[in-house]
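Features of the protein shown, as given by TrEMBL:
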type	residues	note
TRANSMEM	12-33	transmembrane segment
TRANSMEM	45-64	transmembrane segment
TRANSMEM	76-99	transmembrane segment
TRANSMEM	105-124	transmembrane segment
TRANSMEM	131-152	transmembrane segment
TRANSMEM	164-184	transmembrane segment
TRANSMEM	196-215	transmembrane segment
TRANSMEM	227-246	transmembrane segment
TRANSMEM	258-278	transmembrane segment
TRANSMEM	284-303	transmembrane segment
Amino acid sequence: MEGCLWQLLKTIVMGQVLSLLICGTAVSCQYLADSQVETPMLQSFLNYALLLLSYTTILSTRKGDKNILQILKTKWWKYLLMGLADVEANYAVVMAYQYTTLTSIQLLDCFVIPVLMLLSWFFLKTRYKLIHFLAVVVCLLGVGAMVGADILAGRNQGSTSDVALGDGLVLISAVLYAVSNVCQEHTVKNLSRVEFLGMMGLFGTVISGIQLAVLETRAVASIKWDLHISILFAVYVVCMYGLYSFMPVVMRLTSATAVNLSLLTADLFSLFCGLFLFQYTFSVLYIVSFIVITVGFIMFNAVSTYSALPEDNSTEVLADHTAQSSSHYLLTPNGDAQSLEPLTAVAAL
């Protein structure tokens, strides 16, 4: 019992660390926007480039089947699609702010959670219990309280120039994030965290670099670089790099759905920072929202999900597990290992 409580507490803390990292990116982006710097693709490119310099370099020094050349020979197109989904998900949600309101983005962005659960059900064979669905509902109620506080405080930034287009971009972003997150969960639980991050660094740098050259050349050239702007870029990149590096660790212990539920508090951390940095209006509903989301997250993680994969696959994997690293297999919350074979379909996303 004590071990379960410690595991739950560790999961909660790690999830909130991810939210704080997202908060850091949001605050630095707000300061950059206030300085008339709007270069989302440049910021993404710098993050992917840092992943390239660290994790892709590690892959290039490995030998045998774990070497980057061997990985590219057999799985290059899978990681290309994963990188494309991740880059475009980031870009779509940033573009949405130009066409729709913050309230719409906060609400529609939650669409990622049911899509994640659906994809996990079909491709990762994850099965949920009633408590998990109730937990998601509780978390979404917490988001509703946060949005309600924003409306009452008159904090409805964004645009209304083309609400339909903006809302559509948010939904597209949510679907792409879900695809990327399910692929990430599959990769870090069955292959390795370094392989995932190394491939994301490689393909993310290439894809975002091309889009940067096509879409933001003028915007980048117009930046008036000084110490203030440089520090803001550095804070953004460090937070984003930390998020990408740490998220696979949390996802390996929990799941993509659990991680995204924990990230619902990121907007609240940004709001709390905004009370001091940007003179946002305080509302007690923000506290209520944080508590409700946290309760929902605890409910989701208090009861383990289970797998619908055949037991004979688990037995076969456990026999081989003694001779190989556990990082090559997907461990279910009850400790059973699953074979990689039934999961190969998800990587084809």
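Glycine is no exception: its Cβ is also placed from the backbone N, Cα and C atoms.
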Proximity verdict for the transmembrane segment (164-184) and the transmembrane segment (105-124), three or more C-beta pairs under 8 Å: yes
Residue numbers, six or more beyond the limits of the transmembrane segment (284-303), whose CB comes under 8 Å of its CB atoms: 8, 11-12, 15, 129, 131-132, 134-143, 145-146, 148-149, 152, 254, 257-258, 261-262, 264-265, 268, 271-272
Surrounding residues of the transmembrane segment (45-64) on its own chain - C-beta under 8 Å, 6+ positions past either end: 70-71, 87, 194-195, 197-202, 204-205, 208-209, 212, 233, 236-237, 240-241, 244-245
Cβ contacts under 8 Å made by the transmembrane segment (227-246) with residues that lie 6+ beyond its boundaries: 14, 17-18, 21-22, 24-25, 27-29, 31-32, 35, 37, 43-44, 46-47, 50-51, 197, 200
